[in-house]
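The structure is given below, and queries will be raised subsequently.
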Amino acid sequence: MKKVALFAGSFDPLTNGHIDTIQRGLRVFDEIIVAVSTNTSKKSLFNGEERFELIQSVLKDLTSVKVVKHSGGLTVDMAKDYHCHALLRGVRNVKDFEYEESIALLNKTQHPELETVILMASAEYRFLSSSLIKEVAMFGGDVSKLLPPAINQAVIEKYKQ
Ligand code: ADP
């Protein structure tokens, strides 16, 4: 049976750390569905549509990865709809762990059969977060080593506006 995982997030923007988690996730799962949250209540740099399109184009060569828009409902319900066996998450540090642990336990109350599989962030990406990228890029800092080229370009253009 094909093992499918749902990797949900806001990805504002998608970083090399997220891509690393997706690529490593593909060693464990046959397919990963990346669900891009289009929730606009969180102040985001890119709107949902922009993020969805950017991520789709950046990940287009990963044949076992499908990019979809988050339903806006519960992630566990979405996982069920897409016949996923697990939720994929990444953790960088203790703060992430505490957050992910609560979410994973809460999700179990909603959908007990669905597992959460957490990958430890690779050492070189442990410091990397979308919010820190924005803080540096906002002041013209070079984040090109931390983002896929198309996303880096989009970030530069966004801050020019
Ligand atoms: P959310 O809004 O759900 O926190 P994010 O886009 O910030 O969405 O993150 C999605 C997932 O990717 C989370 O599990 C997060 O811990 C993980 N993640 C974020 N940055 C990294 C990184 N540098 N390395 C590995 N995993 C990461």
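For all residues, glycine too, the Cβ spot is worked out from N, Cα and C.
According to TrEMBL, the record shows the following:
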| type | residues | note |
| --- | --- | --- |
| BINDING | Ser10, Phe11, His18, Gly90, Val91, Arg92, Glu100, Tyr125, Arg126, Phe127, Leu128, Ser129, Ser130, Ser131 | ATP binding site |
| BINDING | Ser10, Lys42, Thr75, Arg89 | substrate binding site |
| DOMAIN | 6-135 | domain 'Cytidyltransferase-like' |
| SITE | His18 | site 'Transition state stabilizer' |
Fewest neighbouring Cβ atoms within 10 Å: which of the binding-site residues Arg89, Arg126?
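Counting other Cβ atoms within 10 Å of each of the binding-site residues Arg89, Arg126, the minimum falls on Arg126.
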What is the total of other Cβ atoms whose distance to the Cβ of Glu100 (ATP binding site) is within 10 Å?
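The Cβ of Glu100 (ATP binding site) has 16 Cβ neighbours within 10 Å.
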Near ligand 1, which of the binding-site residues Ser10, Thr75, Arg89, Arg126, Leu128 are found, taking a Cβ distance under 6 A to any of its atoms?
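The binding-site residues passing the 6 Å Cβ test are Ser10, Arg89, Leu128.
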So what's the mean pLDDT when you look at the domain 'Cytidyltransferase-like' (6-135)?
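So the average pLDDT across the domain 'Cytidyltransferase-like' (6-135) works out to 96.
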Using Cα coordinates, what distance in whole Å links Thr75 (substrate binding site) and Val91 (ATP binding site)?
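Distance between the two Cα atoms comes out at 18 Å.
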What is the biggest Cα to Cα gap, in Å, among Ser10, Phe11, His18, Gly90, Val91, Arg92, Glu100, Tyr125, Arg126, Phe127, Leu128, Ser129, Ser130, Ser131, the residues listed as binding ATP?
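Binding-site diameter by Cα atoms for ATP: 18 Å.
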For the domain 'Cytidyltransferase-like' (6-135), DSSP counts of helix, strand and coil?
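Across the domain 'Cytidyltransferase-like' (6-135), the residues distribute as 54 helix, 27 strand, 49 coil.
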